[in-house]
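Pulled from Swiss-Prot:
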type	residues	note
ACT_SITE	His36	active site, proton donor
BINDING	29-36, 146-149, Val175, 183-186	ATP binding site
BINDING	Gln60, Gln152	(R)-pantoate binding site
BINDING	Gln60	beta-alanine binding site
Amino acid sequence: MQIFHNLNEWIRFRNSLSPDLSLGFAPTMGNLHAGHASLFLASSKENHYTVSSLFVNPTQFNNPDDYKHYPRTVDADLELMTQNGVDFCILPNENEIYTDGYAYQVQENRLGQLMEGKHRPGHFNGVLTIVMKLFNLVKPTCAYFGEKDYQQLLLIQGMVKALFMDIEIKSCPTVREKSGLACSSRNNRLTPSQREIADEFAKIFHQNKSSAMISKELEALGITVEYIEEFQGRRFAAVKIGDIRLIDNYLL
């Protein structure tokens, strides 16, 4: 796997590649897990080359403490990429990415105001802006995103369509732990007792009951429910276990 620490080096290399070659792209913020690995493997099966990126994007954190405490596990992340078919990895720094000081932003004013957008103001502006920048740098044929962040997936699909970007967005199923808990970088921050509660969250959330009944059961376990909502035939949830925020969704 080739690693690019400098964006100008990457741009020169990207421009040297034949336009006949397909590039799959799976952007990440690091602290990788089995869900990320599934994106890399899907891309490597369908493209000549697979590209990933490691960049903890400050503009999508509405809570500065979350950004500060986001785990940086670069060596382990690069190893996981190497083992799962990534050919090129870009590791840009913040000054390279935000040469404009975040003066220019991508904003969506409908879906981006619901659920995650309502509870995390500015989050999706940061997500869409960084994804747009990375798309322009990588120029992928296809880009791969997990269904765990389904609202994000819909917004990226919408952005690509609205802005006439010649990129195919591929969705990959949520990868879950044995308990049914969705794989997430945040799971690593759970204490053993919180992990047990998180496993119960996954089981209760997937019950064939009303959102109100599910909320009541979760709250009885001491879980803070931010929202449980149904949208476009899926059920979405965001909860807090202690100070760890978890999200999930599934097709009804």
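Every residue gets a Cβ built from N, Cα and C, even glycine.
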Candidates Met29, Leu32, Gly35, His36, Val175, Ser185, namely the recorded positions, that fall within 10 Å of Gln152 ((R)-pantoate binding site) by Cα distance: none
Cα proximity to Gln60 ((R)-pantoate binding site), best match among recorded positions Met29, His36, Glu147, Val175, Ser185: Met29
Position of peak Cβ density within 10 Å, selected from the binding-site residues Met29, Leu32, Val175: Leu32
Gly35 (ATP binding site) CB neighbourhood, other CB atoms within 10 A: 21
CB contacts for Ser185 (ATP binding site) [other CB atoms within 10 A, all chains]: 17
